[in-house]
Amino acid sequence: MAGNQQLRVLHALDIARTQLYHFIAIVIAGMGFFTDAYDLFSISLVADLLGHVYYHGELPRNIHAAVTGIALCGTVPGQLVFGWLGDKMGRKRVYGITLLLMVVSSLASGLSFSKHEGMNIIAVLCFFRFWLGVSIGGDYPLSATIMSEYANKRTRGAFIAAVFAMQGFGNLAAGIIGMIVSAAFKHSSASKIDYAWRIILMFGAIPAALTYHWRMKMPETARYTALISKNAKKAAKDMSAVLNVNITPDDEVINELARQDEYGLFSFEFLHRHGLHLLGTTVCWFVLDVTFYSLNIFMKNIFTEVGLLPRLDSEYHHTLQRMITMTAVHTFISLCGALPGYFFTVAFVDRIGRVKIQLIGFTMMTVFMLCLAIPYDQWLRHKNKYGFAVMYGLTFFFANFGPNTTTFIIPAEIFPARLRSTCHGISGAVGKIGAIVGVFGFLYTEYHIRIFLFVLIGCNLVGFIFTLLLPESKGKSLEDLTGEIEEFQEEDEGSEVALSRPIHTVPL
């Protein structure tokens, strides 16, 4: 009975009608992902400029890998540490720290200076980009967990996907800002190019900084307060404010629930209940990030090889022209492929289901990458570079309307509240290890692009197989998925707690 009484307050959250606050939360939580995606692509542009300014041509291969991959190295400890802190200290208490660190690191990256030019400046830049990666990594489990615990069960997938879709806007913004800055400096003296890369890097901090105040005002999620902190009064107060529903708390119910299901991470009971789930989320995220990040980071190498981009030389104006061309191609792929993929996931994830979309995504990525790899010599021989770009864009469409989004959604739903942020952090950290493998493991891709594509196809097939370990979470309450509390057995599934209705009491 206690479980049913407690679940009434969570049931009210599960069936709540979509309100303005949900959309505000999407924007607040999504700004970290805007900066993440902005940084991912903009650093590829910046690498060309750094090569021209400090190496009079192209960055050495090892330095290029360090500049582009060091932030990914920072995301691994960021996800593990902040994911764990999110469960131990509360989602809100550490949420502002990640955003503040993100803003400071972005600005400091653009302000990197040294007494001696060249390698010293690169070292300073890498230092601040590592901490930028830590902040971005910490934002993953916290944003996903907060959005999953705020949302109703009917549209929960769409809300989490919408937060993640801010990556698409960050990706697009990187291309647009890159084109604007490149065009602005095109007719300036060569010495002023040093300002261009700094402006590009620092711009990503602006949207995140604008949402810091609102992030600090967000209340702790009711699920954390009720199920982990066992503070029924505060949970009732916070939920009343969010849903415009008056809730009467009962501390005795919370105390009784506090003694239920207290198994720890990696205990026998956890492995029995969720071991295969964690294996599925980690492996799928790992192989997805090997593919997704390597295709992003090495896009310019691949496009140069097929003739879409001019090759680098020591001429200043050629460097900027290459940047303009690169950003134009990337913006085209974002608008026609990547961004629509995010939108399709938001629209269909609560209709089709997370697992089906992930399976479809891995399958179609494999198909289009086979279309790139098998006739690769034909793409080169016939100079069909625009057809190659279309196939490349379709690969990104099904990555985003597929595992790139669903690997972010699923870990935020299928683990118990007291371990949710930690497990999401573990899944994401393993994923980012895959991203590091993708960046540092394919340093010579321009010489073996066909082999590179076939390796990524193998990663897609592994992801498809391990997706079969994951449960479908569409339309289910978080507590039903995790088994924390017995399923609430009322017949009013179709009822809604609406913002416009009079305030009433839901017993706790």
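All residue numbers here begin at 1 and follow the chain in the order shown.
Each Cβ is built from the backbone N, Cα and C atoms, and glycine gets one as well.
Values in this document were obtained by computation on a predicted structure and should not be read as measured data.
Summed and averaged per residue, pLDDT over the topological domain 'Cytoplasmic' (1-22) gives 66. The topological domain 'Cytoplasmic' annotation in Swiss-Prot covers 1-22 (among others) and rests on sequence analysis.
For 44-64 (among others), the entry in Swiss-Prot reads topological domain 'Extracellular'.
Sequence-distant contacts of the topological domain 'Cytoplasmic' (86-93), counting only residues of its own chain at least 6 positions beyond either end whose CB sits under 8 Å from a CB of the stretch, comprise 141-142, 145-146, 149, 218-221, 224, 228-229, 418-422, 425. What Swiss-Prot records for 86-93 (among others) is topological domain 'Cytoplasmic'.
As annotated by Swiss-Prot, topological domain 'Cytoplasmic' applies to 139-159 (among others), with the evidence given as sequence analysis. Within the chain carrying the topological domain 'Cytoplasmic' (139-159), a Cβ under 8 angstroms from the stretch's Cβ atoms is held by residues 13-18, 21-22, 25-26, 29-30, 32-33, 36, 75, 78-79, 82-83, 86, 91-92, 94-95, 98-99, 102, 218, 221-224, 242, 346-347, 349-350, 354, 408-409, 411-413, 417, 420-422, 424-425, 428, 473-478, all 6 or more beyond its ends.
Positions annotated as topological domain 'Extracellular' by Swiss-Prot: 181-192 (among others).
Residues or ranges marked as topological domain 'Cytoplasmic' in Swiss-Prot (evidence: sequence analysis): 214-277 (among others).
Annotation source Swiss-Prot lists topological domain 'Extracellular' at 299-328 (among others), citing sequence analysis.
Cβ atoms under 8 Å from those of the topological domain 'Cytoplasmic' (350-354) belong to residues 154-158, 360, 406, 409-410, 413, 470, 472-475 of the same chain, restricted to positions at least 6 beyond its ends. According to Swiss-Prot, the topological domain 'Cytoplasmic' annotation covers 350-354 (among others), on the basis of sequence analysis.
As annotated by Swiss-Prot, topological domain 'Extracellular' applies to 376-389 (among others).
Listed as Cβ neighbours of the topological domain 'Cytoplasmic' (411-424) (distance under 8 Å, sequence separation of 6 or more from its ends, same chain) are residues 79, 82-87, 91, 140-142, 144-145, 147-149, 156, 160, 223-224, 227-228, 261, 265, 270, 274, 277-278, 281, 285, 354, 470-471, 473, 478, 481-484. Under the heading topological domain 'Cytoplasmic', Swiss-Prot lists 411-424 (among others), citing sequence analysis as support.
Annotated topological domain 'Extracellular' per Swiss-Prot: 446-450 (among others), in sequence order, evidence recorded as sequence analysis.
Taken from Swiss-Prot, the feature topological domain 'Cytoplasmic' covers 472-508 (among others), and the record attributes it to sequence analysis.
For the transmembrane segment (23-43), the list of distant contacts is 67-68, 71, 98-99, 102, 106, 129, 132, 135-136, 139, 143, 146-147, 150, 159, 162-171, 173-175, 177-178, 200-201, 203-205, 207-208, 210-211, 214-215, 218, 293, 296-297, 330: same-chain residues at least six beyond its ends, Cβ to Cβ under 8 Å. Residues or ranges marked as transmembrane segment by Swiss-Prot: 23-43 (among others).
Taken from Swiss-Prot, the feature transmembrane segment applies to 65-85 (among others), supported by sequence analysis.
Look at Swiss-Prot and you will find 94-114 (among others) tagged as transmembrane segment, backed by sequence analysis.
Marked as transmembrane segment by Swiss-Prot: 118-138 (among others).
For the transmembrane segment (193-213), same-chain residues at least 6 beyond its ends with a Cβ under 8 Å from one of its own Cβ atoms are 27-28, 31-32, 34-35, 38-39, 42-43, 45-46, 49-50, 52-53, 96, 99-100, 102-103, 106-107, 109-112, 170, 173-174, 177-178, 181-182, 184-185, 316, 319-320. Outside the transmembrane segment (160-180), and at least 6 residues removed from its termini, the chain residues within Cβ reach (under 8 Å) are 26-27, 29-31, 33-42, 45, 143-144, 147-148, 151, 200, 203-204, 323-324, 326-328, 330-331, 334-335, 338-339, 341-343, 345-346, 349, 400, 405, 408-409, 412-413. Residues 303, 305-308, 329, 332-333, 449-450, 453 of the same chain sit 6 or more residues outside the topological domain 'Extracellular' (376-389) yet have a Cβ under 8 Å from a Cβ within it. For the transmembrane segment (65-85), the list of distant contacts is 39, 43-44, 46-47, 50, 59, 93-94, 97-98, 122, 125-126, 129-142, 293, 297, 421-426, 428-429, 432-433, 435-436, 439-440, 443: same-chain residues at least six beyond its ends, Cβ to Cβ under 8 Å. Sequence-distant contacts of the transmembrane segment (329-349) (same chain, at least 6 residues past either end, Cβ-Cβ under 8 Å): 41, 157-158, 161-162, 164-165, 167-169, 171-172, 174-176, 179, 299, 303, 308-309, 357, 389, 392-402, 404-406, 409, 474.
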